[in-house]
Amino acid sequence: MATPQQPLLTKTHKQNSIISFKILTFVVTLFVALFLVVFLVAPYQFEIKHSNLCKTAQDSQLCLSYVSDLMSNEIVTTDSDGLSILMKFLVNYVHQMNNAIPVVSKMKNQINDIRQEGALTDCLELLDQSVDLVSDSIAAIDKRTHSEHANAQSWLSGVLTNHVTCLDELDSFTKAMINGTNLDELISRAKVALAMLASVTTPNDDVLRPGLGKMPSWVSSRDRKLMESSGKDIGANAVVAKDGTGKYRTLAEAVAAAPDKSKTRYVIYVKRGIYKENVEVSSRKMKLMIVGDGMHATIITGNLNVVDGSTTFHSATLAAVGKGFILQDICIQNTAGPAKHQAVALRVGADKSVINRCRIDAYQDTLYAHSQRQFYRDSYVTGTIDFIFGNAAVVFQKCKLVARKPGKYQQNMVTAQGRTDPNQATGTSIQFCNIIASSDLEPVLKEFPTYLGRPWKKYSRTVVMESYLGGLINPAGWAEWDGDFALKTLYYGEFMNNGPGAGTSKRVKWPGYHCITDPAEAMPFTVAKLIQGGSWLRSTGVAYVDGLYD
């Protein structure tokens, strides 16, 4: 039998148990609430806080999901600013590309088809370049200046172009091959990186002054002399001559012997003659200048083409990727002819490159202005279909663009610009140029219509301004690529042109076509704005105008 105290003691023990249980429940509830705040509410607040970071993305939800992934992996925090998030995103992007390289290399080694092997070789080269470009972009963004922001936008635009080029090369092959390269993911990340960069503002530390079309006084005496001198008087580091009077007999040998990642200008002088070879200036060959005895005297010639098994990318007689490349007083040609379809004479993917007083001859796809910032001056470019194409930020000044007689039933297209995203800082600008017919086309103009361009990609962007347009230009001015593809998203413009082909009354009525009357609308396509020429062309010594004549 229980004593009188026992019920009281039992009741007290139960009360203590209840109190303990309530405390435990409260603590558990508190931890659950904290968990929800940290892992559910915080990311939501983070997403709201950084929604502006994705405001220009084509797929804003995908962009935000990438940002959320960075937070969930504790790579960034809710306090991280936009630039810090972008840099972490790019570091992760480099890892993804490095992971893709051995996969693509293994695919290439397992393939016996020469065309597929060639396409994968191109992809490997482009992936390797892209890793460097993204790494350079991270360093540029970290400096947080307007000029470095522009550099990063150019380089990241090039990365997206590289991925799309790889996709284009593989497009005719199996879907499994494309999936194996992880290209779709890499392209998505490149677009998101550009969108993030576009949303971040930086202080404007550049003051771009209008140029006067002459060499600036601040150019070093050596660089000015290089641009003004003839080849034989230039004081070259290496000389190429077919007759053995130079150190090298081929340009390819001289380029291979040039120093890697040079900090100063390295000059190769190529004596007059016809050199049958294909030459590549790799990304390691920086600040390289190749100069000849004149566009009619020193000729580099090749005939690689798509019909005979080459890729468009690797059909180039001369390809240049190394930053700061200069080509002067030389003819580059591809003699494959119109029946061989795509056959590139010159491909340029070198940032801050200059082509001065050169002749570039071929038929279809003559000049592949592939990517990065480029400037062409006093040069002569001939071709038929899409004879200036690619996705560089490129300005032509005082050049002659000459349409040739194409193959039967073909039409001439001066340009085919390949911008794939509105955040890419790319486009083709033709200023102070003459667009004319060759002597063999002139008698048969009615048989072979010539257009200023057609949209190769969705956001194609080309402006022709302050130029002479010959009577070869069809009154419509511009041609379709495939039905209504890109007609609403492209940007084609004409400003202050003259000549029999310059009338705009019968031009296309597409939403993306602009007959520009306000100089302010034309300014983004000048040397100063499109390629930021005021900050780098001055150091090359080439003559240029960085604004509009008016």
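Yeah, the Cβs are placed from backbone N, Cα and C, and that goes for glycine too.
Pulled from Swiss-Prot, these are the features on record:
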- ASN179: N-linked glycosylation site (CARBOHYD)
- THR312, GLN342, ARG454, TRP456: substrate binding site (BINDING)
- CYS331-CYS358: disulfide bond (DISULFID)
- GLN364: site 'Transition state stabilizer' (SITE)
- ASP365: active site, proton donor (ACT_SITE)
- ASP386: active site, nucleophile (ACT_SITE)
- CYS399-CYS433: disulfide bond (DISULFID)
### Message
Are there any residues at least 6 positions away along the chain from CYS358 (disulfide bond) with a Cβ closer than 8 Å to its Cβ? List them or say none.
### Response
MET295, LEU327, GLN328, ASP329, ILE330, CYS331, ILE332, TYR376, SER379, TYR380
### Query
Widest Cα span across the substrate binders THR312, GLN342, ARG454, TRP456, in Å?
18
### Summary
Cα nearest the residue listed as 'N-linked glycosylation site' among recorded positions (ASP365, CYS399, ARG454, TRP456) -> TRP456
### Query
How big is the gap, in Å, between the Cα of THR312 (substrate binding site) and that of CYS399 (disulfide bond), rounded to a whole number?
24
### Cβ-based isolation winner (fewest other Cβ atoms within 10 Å) among the disulfide-bonded residues CYS331, CYS399, CYS433
CYS331
### Task
Check the Cα-Cα distances from CYS399 (disulfide bond) to the recorded positions GLN342, ASP386, ARG454, TRP456 and tell me which is shortest.
ASP386
### active-site residues (ASP365, ASP386), the one with most neighbouring Cβ atoms at 10 Å
ASP365
### Task
For each of the recorded positions (THR312, GLN342, GLN364), count the other CB atoms lying within 10 A of its CB, then report the residue with the highest count.
GLN364
### Query
Tell me which residues of the chain lie with their Cβ under 8 angstroms from that of ARG454 (substrate binding site), as long as they are six or more apart in sequence?
ASP386, MET413, THR415, ALA416, SER460, TRP478, ALA479, GLU480, TRP481
